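Taken verbatim from TrEMBL:
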{"type": "COMPBIAS", "residues": "280-297", "note": "compositional bias 'Basic and acidic residues'"}
{"type": "DOMAIN", "residues": "123-189", "note": "domain 'Cation-transporting P-type ATPase N-terminal'"}
{"type": "REGION", "residues": "1-33", "note": "region 'Disordered'"}
{"type": "REGION", "residues": "280-313", "note": "region 'Disordered'"}
{"type": "TRANSMEM", "residues": "190-209", "note": "transmembrane segment"}
{"type": "TRANSMEM", "residues": "386-406", "note": "transmembrane segment"}
{"type": "TRANSMEM", "residues": "418-449", "note": "transmembrane segment"}
{"type": "TRANSMEM", "residues": "781-802", "note": "transmembrane segment"}
{"type": "TRANSMEM", "residues": "808-832", "note": "transmembrane segment"}
{"type": "TRANSMEM", "residues": "844-868", "note": "transmembrane segment"}
{"type": "TRANSMEM", "residues": "880-898", "note": "transmembrane segment"}
{"type": "TRANSMEM", "residues": "910-930", "note": "transmembrane segment"}
{"type": "TRANSMEM", "residues": "959-979", "note": "transmembrane segment"}
Amino acid sequence: MAPGVRSLASTRLRHREEPSTRHPSMPISHTSDGFPITRAIGSIPHLHHVDFSASADTDFSLRSGLNEEYSNLVRYISTYRDGRRKSTISIGSQAADEDEEKAPPKWKFWAKKSTASDGTGFIPPEEWLNTEMKQGLNDADLAPRRKKAGWNELTSEKENLFLKFLGFFRGPILYVMEIAMLLAAGLRDWIDFGVIIGILMLNAIVGWYQEKQAADVVASLKGDIAMKAIVVRGGQEIEIKARELVPGDIIIVEEGNVVAADASLICDYNNPEGFEEWKRLRDEDPDQTKEHAKGEHDDDDEEGEKHHGHPIVACDQSSITGESLAVDKYMGDTLFYTTGCKRGKGYALVTAAARGSFVGRTATLVQGAKDQGHFKAIMNNIGTSLLVLVVAWIIAAWIGGFFRGLKIATPEWSSVNLLHYCLILLIIGVPVGLPVVTTTTLAVGAAYLAKEKAIVQKLTAIESLAGVDILCSDKTGTLTANQLSIREPYTAEGVDVNWMMAVAALASSHNTKNLDPIDKVTILTLKRYPKARDILQEGWTTKKFTPFDPVSKRITAEVVKEGVTYICAKGAPKAVLNLTTCSEETAKLFRDKATDFARRGFRSLGVAVKEGDKDWEILGMLPMFDPPREDTAQTIAEAQFLGLQVKMLTGDAIAIAKETCKMLALGTKVYNSERLIHGGLSGSTQHDLCERADGFAEVFPEHKYQVVEMLQQRGHLTAMTGDGVNDAPSLKKSDCGIAVEGASEAAQAAADIVFLAPGLSTIVSAIKIARQIFQRMKAYIQYRIALCLHLEIYLVTSMIIINETINAELIVFLALFADLATVAVAYDNAHYEARPVEWQLPKIWIISVVLGALLAIGTWVIRGAMFLPNGGFVQNFGSVQEILFLEVSLTENWLIFVTRGANTLPSWQLVGAIFGVDVLATLFCIFGWLSGTPEEMPTSPSGTWVQRQDGWVDVPTVVIVWMYSIFVTIVIAIVYYLLNNITYLNDLGRAKRSHQDTQMENILGHLSKLAVEHDIDSKTGNKRFFLATKASEAEVDE
């Protein structure tokens, strides 16, 4: 039997009831490395004011509260039921909601909902920061502070709905239509004037309404991921939304939570008496409080900087400073907004709301230069090109008009004059619905994604997600089920398994509110080992706890029983084995077992213990297994069909990673991340390895960033999944950052899309939806460009050749019908491509020009037929204007069915909208509405048919025009199909993925190994700079 077991079996706990005699002014004892001897146990509410401290040479007596740490832990093991912990939002949140400013009356639609400041640049007055820690703020203090400091959030203030509505009348394309409206008014063409206003209003109302509806859907889900904070108010600890914090609030920061605002750290949670010391320090240095309020506190650990007391908490500031290790925070230090607390628990005073915080002020600096994204650039490119074309066609029409001696604006009753030509071409040459339809398609698409539990943080992320060709996925929870279980443990010779399991539980966090998954499964496994639970109740006291960090790769706990100190360790097998001085035979057996577990897909945890002054003893190993999700293998196969390469990035050992990849048919080209980053590779070789690998093992957060960077340098659009605070930089770096289900608040803030459902299948499903959204926009853009070119080609050639045009009144209705017919395109049943999508503007323009030319030829055929003596398509009587109007309207409306593709059936919304417009166009034709006089379009040479003065068209002629339009649409569909099957055209405009510049990559690789060094010449005393080889990390550590 192990020595630890013998000593436990042969002794009994000596209870000594000793009241605490420490005065509040007495210092807390510390270990030699500066850490407190005590440890906060957040799961024991009635121990918050118990002194855990004792001097190093004291016989550790057990007070009434100390045993409760382990008795509560055992109770947690016995009573745990698998399931999600219910929300504990208290009435404090409701009270804060009631505190929010009331919305203005509905009739004051221009008024802002809230009159509170946004808090930018606001410095809280000194009296705001004098809150009593145990009492906190009262409800009466909140409203005036929030009015000045604003809500504690970085999200933009709610938009004024009226100003947002006016925004739909702004933009280059809309300005051109507004110029056309003024031109119509100048020509006293009131019908055109009214219809143009109607077109502008239609686009604005539809766009505003659809965006609002979509935004409401997304906003309703965003409440599920709102950051929470525990705050002291009215003498009670309550949980509220972080946005409700105000300067002067007392918050509780603990392991696993995100710091909800810039705050000054007061004291340890288990040492509330430290508040008096904190006040004394603040009074001695009042400037420090002002610096906290301004957010100007320099938190860098400079040499010689004086700290007060021991480190209370440790925060991960990697998203701000790039440091991979947590930074210790002492009394009076600043805790930065959105950083994650890695260990410890303490009180802190909020010194600034979000916009006045360090992170908030940084965000404000870049708000002025809003990145409109690639989508906006594409829209601007198309809009500018169409405007240039309109100007060119107007010039051509005017040249023809001057040649024919046309007047500038007369005759007023006719459309055959130069200003009417200009008006007509401005109306048909500028797609007024383009910016609105594309934007609302994105907004409605965001609502579709929200229904799939994917919250889009910014609309342009949809375009990025649709074009992604590499997905870097973490393993746990995404590829696997995140249901860790411990299989049959391995124990070293002579070690009792119950003793090993007890040591593993001792070397775990006991904060049951925020347990790490590994600590949680370790503790809960003791359900199978009742004797191990008995050992935990034999009077242990925790002196010091050091959580896992990526450098040591282990957790250690210093515990005491009956005056004997034990140091328990749990972590990576290699890291734990290095602590011991066991025989080579034992070490080899231990390593072989770890390798065997890894080959079977098990993640191993080594366990060791050090009793008193004895040597470290290796106890054994815990094999953990996280099974792949049932749908992961099928989802990966589906992703590969979609042209999406999945790379697995995991912190597990390489053998485990390879075994997991085998289970998922993911490929076994898995490499250790050290080989990629520090394995001597550089330049093109390093990029090749990164690109061809199926995954990387033993990955740190900084490795993720470098993997994304290398893939992007090769031209890949990369998506990255993440859940921790450390993942924030790589999420920001990737083309589409994805915060997976259960991600930390910091990761959610850095991501473009936040998923509320687990698994890879939800991500692949979202990619499909994004590609469908992209297809809708692409189909509409092709359709709209072709429509513009159709009428520009036909009308300008008819103006020049036969000196006629379609009436301006009918032209504006053609523009109106084109927009009415496609308002439902955002709801169409689009298909998704089986490869990453791109805009391919050259292809779009070529196909649109061909389609527009075919439409113009079709219109010329029906116009030319009416010059025949028998009227061509005319059966009994009719009007040239109305017949042309009907043919143009039908063929243009039906073109959207061609550009959308035949892979899926159109939605009922799209079919209904187009059918309704077709009926209206047919009524226009039959009853001759706005047909003008027959003299405007003579049938010279005159034939056997005569145009009616009232413009009516007989029903047989209307049927013939419908049949002809169907024929034209079929021809165009065939041509469109053939064009899309031309290999050259199908790949035209696609960016080359996996491109490499070997020479440049090698140059940069070699430069990355160099450093600029500074020296002083010993003879002359002159400074000099020179290039030298950069020291390796190992050399730096030494």
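Any Cβ shown, glycine's included, is placed from N, Cα and C.
Curation does not apply to TrEMBL; its annotations are automatic.
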Report summary line: Taking every residue in the domain 'Cation-transporting P-type ATPase N-terminal' (123-189), the average pLDDT works out to 84
Query raised in the report: For the transmembrane segment (808-832) against the transmembrane segment (386-406), do we get 3 or more Cβ-Cβ pairs below 8 Å once near-sequence pairs (under 6 apart) are dropped?
Result: no
Report summary line: DSSP tally for the domain 'Cation-transporting P-type ATPase N-terminal' (123-189), helix/strand/coil in that order, comes to 39 helix, 1 strand, 27 coil
Query raised in the report: Which residues of the same chain, at least 6 past either end of the transmembrane segment (418-449), have a Cβ under 8 Å from a Cβ in it?
Result: 168, 171, 173-174, 176-177, 179-180, 183-184, 186-187, 189, 192, 196, 199-200, 203-204, 206-207, 210-211, 213-215, 217-218, 375, 379, 382-383, 386-387, 389-390, 393-394, 397-398, 401-402, 406-409, 455-456, 459-460, 462-463, 753, 766, 769-770, 772-773, 776-777, 780-781, 784-785, 787-788, 791-792, 795-796, 799, 805-806, 808, 811-812, 814-815, 818-819, 822-823, 825-827
Query raised in the report: Counting only residues 6+ away from its ends, which parts of the chain sit with a Cβ under 8 Å from the transmembrane segment (781-802)?
Result: 382, 386, 389-390, 393, 396-397, 400-401, 421, 424-425, 428-431, 433-434, 437-438, 811, 814, 818, 822, 844-845, 847-849, 851-853, 855-856, 859-860, 863, 888, 892, 895-896, 899
**Report entry** Surrounding residues of the transmembrane segment (910-930) on its own chain - C-beta under 8 Å, 6+ positions past either end
**Finding:** 191, 807, 809-810, 813, 817, 820-825, 827-828, 879, 882-883, 885-886, 889-890, 893-894, 896-897, 948, 950-953, 955, 958, 961-962
Query - Proximity verdict for the transmembrane segment (844-868) and the transmembrane segment (386-406), three or more C-beta pairs under 8 Å - result: no
